[in-house]
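Chemist: Pasting the relevant annotations from TrEMBL:
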DOMAIN    1-164  domain 'GH16'
ACT_SITE  E50  active site, nucleophile
ACT_SITE  E54  active site, proton donor
CARBOHYD  N58  N-linked glycosylation site
Amino acid sequence: MANACSLLSISPQVQGSNPRMNIYLARLICKSSWCLVTPPLSSQGDKHNEIDFEFLGNLSGDPYIMHTNVFSQGKGGREQQFYLWFDPTADFHTYSLLWNPQQIMFSVDGTPVRVFKNSEDLGVAYPKNQAMRIYSSLWNADNWATRGGAVKIDWSKSPFVASYGNFKAETCSASSDCSVNSWYGAEALESSEQQKLEWVRENYMIYNYCSDSKRFPQGFPAECTR
């Protein structure tokens, strides 16, 4: 990165490992079980890194599911899922990623919902050495997204719409003086953030790969000890 703390364009190539991104997502009108709206960060290639916010479509009257995942060196499978405490189709909300060398924090309207710690000391690859691009898509995921793929797409419900606005991204290179950015280099949540995170996990988390003993009968992934 040429600038210490720069405002990136709508499709930046993030060269460093310390960006913070806010996406305001509104009118998530899927009207079906299959649609998946994704505003992730991702690199390219077989050993790609990826940080995902995904929104799973629903059956009429059911809550939308916010699906999160982290890929590092081509390995994903780190899903956590949440119900939201509001209707994401009714108004704009802010979905943010804070990504620095120590941790990745997912937030919704300023409330932390997930933290993925750097666990390289445990032998777990961490996304930090590849350029990342921001992608947004709306795609057919009826092979898995709703009830394990049991409910399929209903094309009669189209069109399917997702709207974005007020995109903002900031970056900060490790060699720069970024002391004005409290998020740079942060290794732990503040106490108020930790309380909010625990509130979300207790009341709105519906799936955590680190608790899925059927999926990992031989023991949970190493990063789950964090």
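Glycine is no exception: its Cβ is also placed from the backbone N, Cα and C atoms.
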Chemist: Just counting, how many other CB atoms are there within 10 A of the CB of the residue listed as 'N-linked glycosylation site'?
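Modeler: The answer is 21 other Cβ atoms.
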Chemist: Taking all residues of the domain 'GH16' (1-164) together, what is their mean pLDDT?
Modeler: 71
Chemist: Pop the Cα-Cα gap between E50 (active site, nucleophile) and the residue listed as 'N-linked glycosylation site' into the table, whole Å please.
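Modeler: Their Cα atoms are separated by 24 Å.
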